Amino acid sequence: MSTGPRLARTRSFTRRGDRMPPRHHAAYDRLSPRYVVQVPPDGDAGVTTVDPAYRLDREREFGRLAPLVVEIGSGSGDALRHGAAERPDWDFLALEVWRPGIAQTMARMGEDPLPNIRFVEVDAGQALGTLLGPGEVHEVWTFFPDPWPKNRHHKRRLVAPPFADAVHRVLAPGGLWRLATDWADYADHMRGVLDADDRFELVSTERAPLRPVTRFERKGIAAGRSITDLAYQRLG
Ligand SMILES: C[S@@+](CC[C@H](N)C(=O)[O-])C[C@H]1O[C@@H](n2cnc3c(N)ncnc32)[C@H](O)[C@@H]1O
């Protein structure tokens, strides 16, 4: 089995702890066997890594082969649940390091199960290079990635050339990378990275059709920031 490029662990997140309310704990315990794909870690490099030799068998995990959306950093799952409910004919794979967010998403799904969602608890920066096969993904979503606004923290931003390589590899030709941010400076940074990459073309700055208004968007607007949506298409 060939594997993709091995990426370093990213520093786009800090461990925010796994504390969560008891009902989210209960939802995690009850529903994770169904929704959270267990992946082997990369040796002793930590629980949010995945063994680069491991490849997700999505036909087995979803029980079918359908167009696949990969959401990077699904947080508490608003976009994920909305997308999966609107497009039952697509599958949605969330890569998220923050277990309380996964638990909260599943707690909300408890009453309204969505069979087309799966989670992998991994650092997407490390995992995306190997977890999926080349060209397997219809759309990648990166909505409101942690902005790391201080200059000295910009190197922690997820959207950077090595991550663009990983996204390019997993996207099918013609597939879309949809991004949104409420930080103008991060929007400029995203455009700087992706406009300079001739493997991608900017095809829309309209709101992504399946992106609902989330807490991060509301907070950004309340703080006087404006929202940027970008959709880049994989060329060739
Ligand atoms: C600011 S929140 C936005 C959540 C959600 N996309 C939304 O719009 O509400 C960013 C999320 O990305 C996750 N995250 C950051 N870096 C990540 C990485 N390298 N791999 C997976 N998830 C990551 C964080 O844990 C957090 O839940």
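Cβ from N, Cα, C; glycine included.
TrEMBL labels come from automatic prediction, so no person has curated them.
Over in TrEMBL, the protein carries these features:
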type     : residues                                       : note
BINDING  : GLU71, GLU96, ASP123, ASP146                   : S-adenosyl-L-methionine binding site
BINDING  : LYS150, ASP182, THR214, ARG215, PHE216, GLU217 : substrate binding site
COMPBIAS : 15-25                                          : compositional bias 'Basic and acidic residues'
REGION   : 1-25                                           : region 'Disordered'
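According to its DSSP assignment, GLU217 (substrate binding site) is helical. Only GLU96, ASP123, ASP146, THR214, PHE216, of the binding-site residues GLU71, GLU96, ASP123, ASP146, THR214, PHE216, place a Cβ under 6 Å from an atom of ligand 1.
Counting only the Cα atoms, the space from GLU217 (substrate binding site) to ASP146 (S-adenosyl-L-methionine binding site) is about 12 angstrom. In this structure, of the binding-site residues ASP123, ASP146, ASP182, the smallest number of CB atoms within 10 A of the CB marks ASP146.
Each of the binding-site residues GLU71, GLU96, GLU217 was scored by how many other Cβ atoms lie within 10 Å of its Cβ, and the smallest score goes to GLU217. Straight-line distance linking the Cα atoms of ARG215 (substrate binding site) and GLU71 (S-adenosyl-L-methionine binding site), rounded to a whole number, equals 17 Å.
Neighbour density around each Cβ, counted as other Cβ atoms within 10 Å, peaks among the binding-site residues LYS150, ARG215 at ARG215. Closest by Cα distance to PHE216 (substrate binding site), from the binding-site residues GLU71, GLU96, ASP123, ASP146, is ASP146.
Here the Cα atom of THR214 (substrate binding site) is found 17 Å from that of GLU96 (S-adenosyl-L-methionine binding site).
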